[in-house]
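Quick look at what TrEMBL lists:
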SIGNAL    1-20  signal peptide
DOMAIN    53-193  domain 'Cupin type-1'
BINDING   Asn91, His96, Glu101  oxalate binding site
BINDING   His94, His96, Glu101, His140  Mn(2+) binding site
Amino acid sequence: MATMKLVLVLMMTTVVAVCARDPELTTDFAVPVGMNASMITGDFFKFTGLRDFSAAPSTFGSKKVTHVEFPALTGLGVGVTLLEYKPNTLNPPHTHPRGSELIFVMAGHLDVGLIDSANKLYSAHLHEGDLFVFPQGLVHFQINMSKKKTVRAISAFGSSNAGTISLPRNIFGSGIEDEVLLKAFKITSAELMKLKAPFMPTILMGITLGHVLSKGSALHQKTCSSWEGVSNGS
């Protein structure tokens with residue numbers, strides 16, 4: 001009986017582990033619905049969307065390549081994102097719920113960090129040619145501390161769609177009740193409004209938050225510049 005229970009536990013663990021990742025293919029590769037497999041050529045396996053990518057001035061930017069942008073990745077369990085950090089810009093704390101990330105620095109120096117479930121911070125200073133891995137689901141970030149040089153990097157993911165949960169955006173821009181945030185962060189209503197401002201519609205910011213932001217414009221500007229690019233993530 002004990003042996004049978006152990007077998008069942010192992011089976012359930014295997015099922016959970018498999019479901020947490022991309023579905024396994026039962027063919028050489030996934031053929032998009034409606035496409036005739038006999039008509040597929042080498043171009044199906046080529047993606048050219050990263051050739052001219054560049055982040056906007058004074059921002060962090062990224063260009064992701066998942067199975068949505070590149071259908072040939074479907075079911076293969078891989079994906080990539082090209083990242084560019086203009087001087088003194090940040091990719092805010094975020095997580096990838098469906099895959100681990102391996103980042104490679106192509107140009108410049110990059111400071112990175114991750115936090116484990118015991119709330120321990122692991123940080124490193126990366127040089128051109130260095131690799132750093134962010135385990136699946138753990139909170140992590142990257143920042144370009146240089147005031148003059150742009151950093152470029154590329155991240156590979158253990159999923160064709162690893163997903164991104166940006167903590168600033170998801171916490172302050174998802175509609176969580178103010179009462180929850182006020183108690184969680186032990187801040188005032190005015191401070192909360194400043195934190196939410198970068199993720200609210202421009203018109204709403206101008207009408208309802210003008211008096212708040214006018215008193216804390218310096219903090220607002222710093223917050224906005226620090227969180228540039230959070231809609232892209234990596």
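Placement of Cβ uses the backbone N, Cα and C atoms for every residue, glycine included.
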Measuring Cα to Cα, how many Å separate Glu101 (oxalate binding site) from His94 (Mn(2+) binding site)? 12
Below 8 Å Cβ to Cβ and six or more residues apart, same chain only. Which residues does that give for His140 (Mn(2+) binding site)? Pro93, His94, Thr95, Glu101, Val112, Gly113, Leu114, Ile115, Phe134
Other than its own, how many Cβ atoms are within 10 Å of the Cβ belonging to His96 (oxalate binding site)? 26
Taking every residue in the domain 'Cupin type-1' (53-193), the average pLDDT works out to 97
Please compare the binding-site residues Asn91, His94, Glu101 by how many other CB atoms fall within 10 Å of each one's CB, and tell me which has the fewest. His94
Helix-strand-coil residue split for the domain 'Cupin type-1' (53-193), DSSP-based: 22 helix, 56 strand, 63 coil
